[in-house]
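Worksheet: the structure to be examined is printed underneath.
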């Protein structure tokens, strides 16, 4: 392969890697700006759970926490 083709492939790969990393950081920033709570964090009517997780409260409607979905638990148990 010529050096020009190798350089082009390297540059395209680097741009792809950087774009994927930037997308991950952007999605994390959007969720934190939105004010949502992660798994096993406190939640309320004003502080929703991220990623559509359910907000589960105790019997007297206190100590509410975000729980993982069944899909997330299944993926953790059986691997991705």
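Glycine residues also receive a Cβ, built from the backbone N, Cα and C atoms like all the rest.
Quick look at what Swiss-Prot lists:
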- 1-22: signal peptide (SIGNAL)
- 36-50: disulfide bond (DISULFID)
- 43-55: disulfide bond (DISULFID)
- 49-66: disulfide bond (DISULFID)
- 57-64: disulfide bond (DISULFID)
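Taking the features listed in Swiss-Prot, we show where each one sits on the structure.
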residue : record         : DSSP class
36      : disulfide bond : coil
43      : disulfide bond : coil
49      : disulfide bond : strand
55      : disulfide bond : strand
64      : disulfide bond : coil
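Ranked by Cβ neighbours within 10 A across all protein chains shown, the disulfide-bonded residues 57, 66 are led by 66. A 10 Å radius around the C-alpha of residue 57 (disulfide bond) takes in these disulfide-bonded residues out of 43, 50, 66, in sequence order: 43, 66. Taking CA atoms as the reference points, residue 55 (disulfide bond) and residue 49 (disulfide bond) are 6 Å apart. For residue 36 (disulfide bond), the nearest neighbour among the disulfide-bonded residues 43, 49, 64, 66, judged by Cα separation, is 49.
The two recorded residues, residue 50 (disulfide bond) and residue 66 (disulfide bond), have Cα atoms 8 Å apart. Between residue 66 (disulfide bond) and residue 43 (disulfide bond), the C-alpha separation comes to 6 Å.
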